[in-house]
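Colleague: Pulled these features from TrEMBL for this protein:
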{"type": "DOMAIN", "residues": "17-82", "note": "domain 'P-type ATPase N-terminal'"}
{"type": "TRANSMEM", "residues": "76-94", "note": "transmembrane segment"}
{"type": "TRANSMEM", "residues": "272-294", "note": "transmembrane segment"}
{"type": "TRANSMEM", "residues": "314-340", "note": "transmembrane segment"}
{"type": "BINDING", "residues": "Asp388, Lys389, Thr390, Glu492, Phe533, Lys556, Arg590, Thr670, Gly671, Asp672, Arg784, Lys790, Asn813, Asp814", "note": "ATP binding site"}
{"type": "BINDING", "residues": "Asp388, Thr390, Asp810, Asp814", "note": "Mg(2+) binding site"}
{"type": "ACT_SITE", "residues": "Asp388", "note": "active site, 4-aspartylphosphate intermediate"}
{"type": "DOMAIN", "residues": "836-895", "note": "domain 'P-type ATPase C-terminal'"}
{"type": "TRANSMEM", "residues": "867-893", "note": "transmembrane segment"}
{"type": "DOMAIN", "residues": "912-1046", "note": "domain 'P-type ATPase C-terminal'"}
{"type": "TRANSMEM", "residues": "932-955", "note": "transmembrane segment"}
{"type": "TRANSMEM", "residues": "967-990", "note": "transmembrane segment"}
{"type": "TRANSMEM", "residues": "996-1021", "note": "transmembrane segment"}
{"type": "TRANSMEM", "residues": "1033-1051", "note": "transmembrane segment"}
Amino acid sequence: LTAAPSHSVAEEERRARANDREYNEKFQYASNCIKTSKYNILTFLPVNLFEQFQEVANTYFLFLLILQLIPQVSSLSWFTTIVPLVLVLAITAVKDATDDYFRHKSDNQVNNRQSQVLINGSLQQEQWMNVCVGDIIKLENNQFVAVREVALQGNKSLPLFWQIEMKTNMKVRQAIPVTSELGDISRLAKFDGEVVCEPPNNKLDRFSGTLYWKESKFPLSNQNTLLRGCVLRNTEWCFGLVVFAGPDTKLMQNSGRTKFKRTSIDRLMNTLVLWIFGFLVCMGVILAIGNAIWEHEVGTRFQAYLPWDEAVDSAFFSGFLSFWSYIIILNTVVPISLYVSVEVIRLGHSYFINWDKKMFCVKRRTPAEARTTTLNEELGQVEYVFSDKTGTLTQNIMVFNKCSISGRSYGDVFDVLGHKAELGERPEPVDFSFNPLADKKFLFWDPTLLEAVKMGDPHTHEFFRLLSLCHTVMSEEKNEGELYYKAQSPDEGALVTAARNFGFVFRSRTPKTITVYEMGIAVTYQLLAILDFNNIRKRMSVIVRNPEGRIRLYCKGADTILLDRLHPSTQELLSTTTDHLNEYAGEGLRTLVLAYKDLDEEYYGEWAQRRLQASLAQDSREDRLASVYEEVESDMVLLGATAIEDKLQQGVPETIALLTLANIKIWVLTGDKQETAVNIGYSCKMLTDDMTEVFVVTGHTVLEVREELRKAREKMMDSPYAVGNGLPCPEKCSSAKLTSVLEAVAGEYALVINGHSLAHALEADMELEFLETACACKAVICCRVTPLQKAQVVELVKKHKKAVTLAIGDGANDVSMIKTAHIGVGISGQEGIQAVLASDYSFSQFKFLQRLLLVHGRWSYLRMCKFLCYFFYKNFAFTMVHFWFGFFCGFSAQVGHPQPLLACVRDGLCPCMEYPKLYEPGQLNLLFNKREFFICIAQGIYTSVLMFFIPYGVFAEATRDDGTQLADYQSFAVTVATSLVIVVSVSGWTPATGHFFIWGSLAVYFAILFAMHSNGLFGMFPNQFRFVGESLWLLRELVIYIIFLVLSPVIKEHSV
């Protein structure tokens, strides 16, 4: 037995004994209680504040608040800092508390679900949180699975609806044969088997374990387990043994935090804030030096009138205190509200995306969804789009279109002259009325295939027999003669439906048998083995025994895999079938190859024993099983090939054309054949006949791939740019320079590369050559790629190109590239929503991508850039007035004006859908960068100079109506503050819709101003609100309005 797992020692294997809680408790396995919340009532305040003060900005303003509590340092009231700080902390805390409340609510809902647990020989109701490892639980139809468990017994095969992926297709699960006959509850209560399996992990499609019972060992695989979060379908009940609970289940193991993505604007803002802080320190040092000099030269002469504080004993120490005082006064140059304001804007943009009716799919009742609020402006800067093909560009609704059987192609219809008939010219579809179980929705146009079936052609019968047996489809008969197929993939459903209509009707299956109606006659095959499909094998096989006792292996899979495993005697048929495959792929059809192999009884018995030994292996079980499968799947007899049509989604060509005009490069990464992908490329206008050339890279070795890439670059660079043999000379041309030269060449090029060639191209010594060639092309198509290669291609562009990347896909095989790209988009289609769950944005059709980027992306980028430019301009204009005032107040850290309320909403958006070139400023990052930042602060400083010195000059000579001097500190401060609000708020162009916010902001400002200068506030806080009646009195003076009129046009002409 293994030691009890702990936090410090990793669990090496899992042991679970049925009906023995005492034995299982000593391993200290996790309970089934789920906790995704972060806080409780006692820990919320301290933990949340601790988390918030890890933000540098919050810590900085807490430091300022402490300084303001020191009388010798602060000339401002403490509320000027504590109010915005508390407001920011409170808003964030409320948001975090709300999020955590819903987490608590979700946890309680899940933990309190009821489950039937076998305890002391009887079924008892238990909450999910109380289910333990080793318990036997009962599940009923349509019930959620509470834990990861091994299926022990059920009343039939167990197809599951994968709630974990929200898929609409089924997965077949079945009890292990040795326990499926346990029978009633009394036998289950006595069951004392022990499961030894792998430790908890996040691999959803793998499980390796062994059941020890009655001194025997029985292999356990993924087919024998039920996943937490799934829903039981198509069976009345089943019993299972709990192996993993709570955080150890696959679902929770896959609930780890997604990598946090930050935009380029975020990264730039962090740098700019550091620069601003350095600028603040420099201003503080300058003013502190000025204070020390002034106190030494002038201040010492006025000790009788302006004595130093008791703690101040020298001009130097006065300058030291003045430094901290000015850090407080000028702190507004470091924007505490910047990050909060940015998040509010992003949240608003996210709602705009969610509310967009033009991105709502009526057919599926699915709206667009912004699953993150941090990347909206990055949508306006995308340069590279990486797209899956099946289900993303296409509908993923499969239709059996053509097939090749024993060297003859079926599916095309010819007219009397022998010409191929187009769809609109075809006669009526094939009549399947002879078959009462035929699917009425199925259409096929070539009657010769049905004639071959009716004539009893053995090859045709064997072809459809394979399609009716080699699959994992589940059949459900709701009414007599009405069959409903539930398939794991649309491909499987289309093939089984085709076999059904041509007379080979799959009716039902059990763990050991498959029943097929062959031309109306029921035939039951004994199912001996299923050799599962996966992304590495790219094929699936079944081994069955027919009623006559003959054992045969049926296999279907990708041509690149299966054609290498055929018997040499099929060479002539192979050549003909390959021609048909290329023809089908050229039409954009998805192809599979079918083959079979007869096995004698003795060989099968030996092979089954080797398979059992491999399945019982504790280490490298999958590799050993793959080796055993490889052995039997050899020297097969070629039967034919299928061709399935997957039509383009509506609006895909128009979307790609529009994105191309916006200078967005689209790369398609697909697992399909090269010919199929190229055909789809032409269909969706990625590839056109007007292109200068389409380069195809199919090399099988490193040298071949390098040579093909070299030739492509040579043709693109043309002779004046070629060096020697066409390769750029490393001493004369750097990688960056070569890329710019290639991208500047005339002509439109495209690159098509196969998966095996891509594997070489992605090697460290060749990846730059591949990237340079690909980036110079208008379109790139990568065929036969694995999910890992998809992510590697995206990472390559991210690593070497200063460009924003977007990946879009619909299936689980797209998750890796979706997470790798700067922005991930999930299509909620036929493949479920695992891609959606990993994405940043989601919608149901590819055509919505143009609106996401060209409308919402551009809007978000423009608005964010305008806001940031205005924000920094406003902050510098506001703060630098205090700096200039310091030179006229003896550097005494007196504020130049009370703090006003500043606000502005500006917008100006052009129709990018009509003019896609308007998208390019975002790609080039023209609207907010370091240059724009310095322009904004220069304009802010310029505004502050005018805002200070023009009123200063006017007040120096101005008098009231009664002839007395107008100039005093309070009048000057209120004038400067009011001028600042008016001028900065109305600066720049604003559309008509912005007037409400502009004048509303000014109205709010004056309302607050009058309130702050009221007798009521002065009576309550005399030390903080000393400007009693100042605003009302000052606004009676005509000279104040003259100042406003003079400043507004001058500053507006030079403002952002």
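The backbone N, Cα and C atoms fix where each Cβ goes, and this holds for glycine too.
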Colleague: Should the transmembrane segment (314-340) and the transmembrane segment (272-294) be scored as in contact, given a threshold of at least 3 Cβ pairs under 8 Å and pairs 6 or more apart?
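Modeller: Contact confirmed: at least 3 Cβ pairs fall under 8 Å.
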Colleague: Which residues of the chain, 6 or more past the ends of the transmembrane segment (932-955), have a CB below 8 A from one of its CBs?
Modeller: 272, 865, 869-870, 872-881, 883-885, 888, 896, 966-967, 971-972, 975-976, 979-980, 983-984, 987, 1039, 1042-1043, 1046-1047, 1050-1051, 1054-1056
Colleague: When DSSP states are grouped into helix, strand and coil, how many residues of the domain 'P-type ATPase C-terminal' (836-895) land in each?
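Modeller: Final tally across the stretch: 41 helix, 3 strand, 16 coil.
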Colleague: What's the CA to CA span in angstrom from Asp810 (Mg(2+) binding site) over to Phe533 (ATP binding site)?
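Modeller: Approximately 20 Å lies between the Cα of Asp810 (Mg(2+) binding site) and that of Phe533 (ATP binding site).
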Colleague: Whole-number Å only: compute the distance from the Cα of Gly671 (ATP binding site) to the Cα of Asp814 (Mg(2+) binding site).
Modeller: 11
Colleague: Give me the non-local Cβ neighbours of Asp388 (ATP binding site): same chain, 6+ apart in sequence, Cβ-Cβ under 8 Å, ordered along the sequence.
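Modeller: Sequence-distant Cβ neighbours: Val668, Leu669, Thr670, Lys790, Ile808, Gly809, Asp810, Gly811, Asn813, Asp814.
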Colleague: Checking distant contacts: for the transmembrane segment (272-294), what same-chain residues at least six beyond its ends satisfy Cβ-Cβ under 8 A?
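Modeller: Same-chain contacts beyond the ends: 57, 60, 315-316, 318-320, 322-324, 326-327, 330-331, 333-335, 338, 872, 883, 886-887, 890-893, 930, 933.
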Colleague: Give the number of CB atoms, excluding that of Gly671 (ATP binding site) itself, located within 10 Å of its CB.
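Modeller: So the Cβ neighbour count for Gly671 (ATP binding site) comes to 24.
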Colleague: Provide the three-state DSSP residue tally for the domain 'P-type ATPase N-terminal' (17-82): helix first, then strand, then coil.
Modeller: 31 helix, 1 strand, 34 coil
Colleague: Tell me, if you would, which residue among Thr390, Asn813 (binding-site residues) has the fewest other CB atoms within 10 Å in the structure shown?
Modeller: Asn813
Colleague: Using Cβ-Cβ distances, find the residues under 8 Å from Arg784 (ATP binding site) that belong to the same chain and are at least 6 apart in sequence, listing them in sequence order.
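Modeller: Correct list: Thr560, Thr670, Gly671, Asp672, Lys673, Gln674, Asn754, Gly755, His756.
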Colleague: For Phe533, Arg590, Asp810, Asp814, listed as binding-site residues, tell me which one has the smallest number of other Cβ atoms within 10 Å.
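Modeller: It is Phe533 that, of the binding-site residues Phe533, Arg590, Asp810, Asp814, has the fewest other Cβ atoms within 10 Å.
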Colleague: Which residue counts does DSSP yield for the domain 'P-type ATPase C-terminal' (912-1046) in the helix, strand and coil classes, in that order?
Modeller: 95 helix, 2 strand, 38 coil
Colleague: Report the largest Cα to Cα distance, in Å and rounded to a whole number, among the residues Asp388, Lys389, Thr390, Glu492, Phe533, Lys556, Arg590, Thr670, Gly671, Asp672, Arg784, Lys790, Asn813, Asp814 that the record lists as binding ATP.
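Modeller: Pairwise Cα check on Asp388, Lys389, Thr390, Glu492, Phe533, Lys556, Arg590, Thr670, Gly671, Asp672, Arg784, Lys790, Asn813, Asp814 gives a maximum of 25 Å.
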